[in-house]
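Annotated features in TrEMBL:
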type   : residues  : note
DOMAIN : 1-87      : domain 'Fibronectin type-III'
DOMAIN : 92-177    : domain 'Ig-like'
DOMAIN : 188-285   : domain 'Fibronectin type-III'
DOMAIN : 266-358   : domain 'Ig-like'
DOMAIN : 524-611   : domain 'Ig-like'
DOMAIN : 625-722   : domain 'Fibronectin type-III'
DOMAIN : 725-823   : domain 'Fibronectin type-III'
DOMAIN : 827-912   : domain 'Ig-like'
DOMAIN : 923-1004  : domain 'Fibronectin type-III'
DOMAIN : 1004-1099 : domain 'Ig-like'
Amino acid sequence: MDSTRSNITIGWTKPLFDGGAPVTGYTVEYKKTDETDWTTAIQNLRGTEYTITGLTSGSEYVFRVKSINKMGVSEPSDVSEPQVAKEREEEPAFEIDSEMRKTLIVKAGGSFTMTVPFRGKPVPNVTWNKPDTDLRTRASIDTSSNCTSLTIEKATRNDSGKYTLTLQNILNTTALTLMVKVLDTPGPPSNIATKDITKESAVLSWDVPENDGGAPVKNYVIEKREASKKAWVTVTNNCHRLSYKVTGLQEGVCIINFLFISTVAPEIDLDVALRTSIVAKAGEDVEITIPFKGRPPPTVTWRKGDKNLGTDERYIIQNTESSTLLVIPQVTRNDTGKYVLTIENGVGEAKSSFVNVKVLDTPSACQKLQLKHVSRGTVTLVWERDATKRAWSTVTTKCSHTTFKLTNLSEKTAFFFRVLAENEIGLGEPCETTEPVKAADVPGPVKDLAMKDSTKNSVKLQWSKPDYDGGSIISDYVIEKKLQEEKEWTYAGTSKSCEFVADKLKDDSVTVGPITVKELIITPEADLSDIPGGQIAVRIGHNLHVELPYKGKPNPSMSWLKDNLPLKETEHLRFKKTENKISLSIKNVKKEHGGKYTLILDNVVCRKSFTITVITLGPPSKPKAPLRIDEIKADSVVFITLTWARPESDGGSEINEYILERREKKSMRWVKVSSKRPITENRYRVTGLIEGNEYEFHVMAENAAGVGPPSDVSKLIKCREPVSPPSAPNVVKVTDTSKTSVSLEWTKPVFDGGMEIIGYIIEMCKADLEAWQKVNAETVIATKYTVVDLEAGEHYKFRVSAVNGAGRGESCEVPASVQTVDRLSAPELDIDANFKQTHIVRAGASIRLFIAFSGRPVPTAVWSKADANLSLRADIQTTDSFSTLTVEECNRNDAGKYVFTVENNSGSKSITFTVKVLDTPGPPGPITFKDVTRTSITLMWDAPVLDGGSRSDSWTGAGQTKQLTFTVEGLVENTEYEFRVKAKNDAGYSEPREAFSSVIVKEPQIEPTADLSDISRQLITCKAGSTFTIDIPISGRPAPKVTWKLEEMRLKETERVTIKTTKDRTTLTVKDSMRGDSGKYYLTLENTAGCMVSTATIVYEHYSTLHAHCSEISVIHFQIHNFWSCGSL
């Protein structure tokens, strides 16, 4: 089916014969073509497709598959054709239907999605194009290895046109064009004019709108109002031409018409977005367009403060009769402010409105950058921010304060520092230090201080350099001195080398005292100031990295806990400790990584813990099924009301809204359901549907982390007139009982209420009570159900009602009460058309005999062998419903007849299996001599007692005839024979003529038939409560399997119903006939040659005006139909 450099995907079909037990799995094996040993790829695989991985690129492999059922593993399949593990190359191609090629029609403001599946190897590059449109910014494009989709929200007229999808790989390039048409309201008519004005009338004329909204203009609506009034009056709403005569006007009255205005006071039409403010980034051009009305066209004035912008060449102002455009090029923060528009035309008062413009720019430079706390490897920076700007962050991206400690600096390098503030627009100007600084520390103590020479008043000292120079080159050594009895040290001098002569000393008074070094002790502390509230939120699939500065002397040990359990490092979770920082890193965060993390620092001073809470954010799970359809309407507005349940998981964040999508039947495109407001509830009414169309829906939840997966798809629902509940089921019968259960079956209602039946409700109550209670929590889809957990020996009543989209229908009750007792039934053997009683195997193979049975109580099963005992190698496995006999590595002694018997208190049944074992023949009989002469001897012997079950290679005389036909009798069933014929006359026999092919002797296959000629058009009349019989001759080879059904319910033998079937006849007898026995009776005949179904309809007719002494008469009409289709029953 497919292959790569290291993988090959294979597929296969189920075996034709399952051995009498369902196939439970498959074993896949493979090997290289030049090898002999097979390798098992997988065992107990349930599907019929598998990908073998880890193959050698370029090598040739063959494959085979074995089936598995309860009895064991089958023989392997035929070896596949050799396959090479290599990348397959396939030209790119689209996998679309005719529906996708139709023009997609969308209403303006709605959303649409075009999903196109494709194929190709290597995976082709996908490109979407539309003339005059950059789809990278206008649309949302999602592409996988075999599918691509394009989604556009809030469609406008400009989104109409051709969308070209291009696929390209190394083999070829192909393209597909999809058409989209966005329907919108038409634009205003143009070039309105008036003529032929009289005292009472005026003629208006106009041109068609420049934009027809995507569909031809069919009608014009004309309205008028007096200039002194605000109410509009409709003149006509049915004008199909480009001119109209308005009558009934009053002389001297100024009239404003929808299509023509005599004089109108100016009026500004501000869009909702302009009523608030316009936000732009520094450097962008700002365009403000405001439409207005007025006759004659008003004059326009733009102002900012006291400044008239029309006199400033920097601003661009463009005016028409109905709108004005103000362009502010390359805005700066100085362009922030209020822009006032004033219009006037001499009619009425001047009108003004304003628009606020807000310009976002980078912050200004920081102030007063200073260096503080310079130590070994660290420098602390302090600065002031611009108080007029918003909060900013430093280059560390984690600092929102005006101090920061830099670590891990080189101690031998001088550094300059600068700080830049950042807001949502970008980085501001930097502030730099004026002088460089080294991140250095004081040097350590000198080593090996000793006196090398002395005089009466001087001492020569010598020492070695300290181990630690503090991060900078040592420039000088400072020598101090004191008398032994003194406490204070005094300055003695400096030296640039490791030697010094201290002079002007007193005799015998210089002493070098001891040096004591003590380690500083500090309580362990971790700095959580950069983690507000001790909580960190991270999206699922992202990486988490937490750094915590710490301190402590001696250096504390570190350990982590998660939810109070020790935390260990894994491939995705790492923690690290440096001299002054502890970090925790998690790659590809998953939901289970959320929780409470505890850092424990421990030294000789104390043990402290610090807690961080990690919150994982992810899209919510799919809304819970079912997606239920509560209401369907098809009136002036067609709509469907849907409800659903909240997702089990909200992904760690509150659900903001639900996204509902619909798809028409046979369409691959999901279209987002447009809504004026976000869908926040678990219920929504979908409008704008087309009556008669079928739709299906799914819903997705969205939170701060994104959109979750879609729910299960709803059932297809047809938008049509409201429906009514269905009628009651036709027949409700009890098919089985036990001490604690009752099994029911019923037929579908005759009337479904105009809508598909979605299930059934079963109710019960005790026979002496009328307190009905519902048995099933969810509606039952099948037409049968077993009620469990009942009281033994109690009498119950049952009833069933059907449910559709309109609700629950009427109930149909079981005619009589039912007692919970165990039913007894004689053993039955389950024999179908594929059952074989004769089994032929080769010596050394396995004999497997399988038979299914039923009965109450569970019958005992016994295997035996006619005229012999069962082999000790026979393995018998028996359950409550089937039994198997297996003989491994069989020989000729295992051949014979095997008898299987089942028996219980109600009776017994037996069946015989014939087993033939093909083996080499036995030795011939005793050899005798005859006709011994000098040159010859005749030998005679008997045939072998055992022929091995196989045919003889010698020819046997079958008979003689003077005719040209002959019947050969006494042949063995399922044995292959060859025949030849010789002609004879007085001179002797001719050369034999052999048949073209061999023949296997077996029963011929004849399709089953039913002879209905005796009851065709025949009327059977019987009294209610009497017995009627349907007797039909049948034929077919092998003998067909017979099934009787009433409507959809299979008939079984009961106290009233008897079914008797022989090889050539089947008879159905119903005692004590009642109204529930009416309906269609189906007779199904099935064997290996075919299937036949006959149907008879029984209709009861009541006569209401019967004589007082007459019984009720029932009339049964038979309508016989034969058809060759068993699949629908």
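Think of each number as a place in line: the chain as shown, counted from 1.
Cβ atoms here come from the backbone N, Cα and C positions, even for glycine.
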Criterion met for the domain 'Ig-like' (1004-1099) and the domain 'Fibronectin type-III' (725-823) (at least three Cβ pairs under 8 Å): yes
Interface present between the domain 'Ig-like' (92-177) and the domain 'Fibronectin type-III' (625-722) (three or more C-beta pairs under 8 A): yes
Among the ranges 266-358, 524-611, 827-912, the one whose Cβ pairs under 8 Å to the domain 'Fibronectin type-III' (1-87) are most numerous: 827-912
DSSP-assigned states of the domain 'Ig-like' (524-611) in counts, ordered helix, strand, coil: 6 helix, 50 strand, 32 coil
Local confidence of the domain 'Fibronectin type-III' (1-87) - pLDDT mean: 88
